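Chemist: Pulled the feature table from Swiss-Prot, pasting it below:
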BINDING   SER112, LEU113, LEU114, PRO115  (6S)-5,6,7,8-tetrahydrofolate binding site
Amino acid sequence: MPLRLIFMGTPDFAVPTLLELAGHGHEIAAVYTRAPKPGGRRGLALVPTPIETEARRLGIPVVTPKTLKTEEALTAFRAHQADAAVVVAYGMILPQAILDAPKLGCYNLHASLLPRWRGAAPINRAIMAGDAETGVMVMKMDVGLDTGDVAMAERLPITDAMTASDLHDQLARIGADLMVRAMAALERGGLTLTKQADAGVTYAAKIEKAEARIDWSKPANAVLRHIHGLSPFPGAWSEVTLDGEAVRLKILRCALADGRGEPGAVINEQLTIACADGAVRVTELQRAGKGPMKAADFLRGTRVAPGLRFG
């Protein structure tokens, strides 16, 4: 018999899971998400979260509490009489009373192979650290930071070509399927939980804009990982002088390339930039106030001569 669920999520990453659960016949009693934020032109309109948009399209009641710590919030949560809650990038801490409210517990989809990369930015940090693989896990939540017992996991290799955006989209799709499988097992009474290992714990700190500047004095593979791990947001950037003007360019994609030179120096007309060892060839970038563009299109309108310095 399908489960009666509360779904709790906010960004695009959570949308595939909501759609898959609804599509597999589970009853979504309510969707909890963050409140709309000012946006649009001049920031005058209130913009709903991606999850709120999808929930309303599906006709599911939406709840946007400022906190879950009040007795009023707990009473409202309990009133849904859910079998379980599914939590995907909700963005708010769930107190123990909320975790205890659904009959079968609360289950979180986390975008890493726990206990590695607990915390806010597991996708970015996995790429930036040069991990060979990552994945998604379904865990039964406790009050700790991503410390709950693991129910299911799916692994995914990380290639040199993957950006955080690429990995985000793949893990969102894989994770949606994984959560559907987990809820099916929970429904049958056959969901097995395994404690996380004590060894190998790392934390994925929130990405700060201050760390986005590219350090060309690092090896080429580290520069590539930095660029791809921060693409598209906040976007790894570097400054260069074009037509006598200092310009900040976000570099969104690159590839390892042969070549040597002073770190930060352009070494050919294909926008290949030297690093401490080796080089990277820029394949996609973004100028301030402009949209992303292929490097080839950028070079058709802007001459970037060998010897030009990025820094």
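Note: Cβ is positioned from N, Cα and C throughout, glycine not excepted.
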Chemist: In the three-state scheme derived from DSSP, which category covers SER112 ((6S)-5,6,7,8-tetrahydrofolate binding site)?
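Modeler: In three-state terms, SER112 ((6S)-5,6,7,8-tetrahydrofolate binding site) counts as coil.
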Chemist: 10 Å Cβ neighbour count around PRO115 ((6S)-5,6,7,8-tetrahydrofolate binding site)?
Modeler: 19
Chemist: Hey, of the binding-site residues listed (LEU113, LEU114), which one tops the CB count within 10 A?
Modeler: LEU114
Chemist: Using a Cβ cut-off under 8 Å and a sequence separation of 6 or more, which residues in the same chain sit near SER112 ((6S)-5,6,7,8-tetrahydrofolate binding site)?
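Modeler: Spatial neighbours, sequence-distant, of SER112 ((6S)-5,6,7,8-tetrahydrofolate binding site): ARG118, PRO122, ILE123, ALA126, THR134, GLY135, VAL136, MET137, ALA204.
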Chemist: Neighbourhood of the (6S)-5,6,7,8-tetrahydrofolate site (SER112, LEU113, LEU114, PRO115): other residues with Cβ within 8 Å of the Cβ centroid, in order?
Modeler: HIS110, ARG116, TRP117, ARG118, PRO122, GLY135, MET137, ASP146, GLN196, GLY200
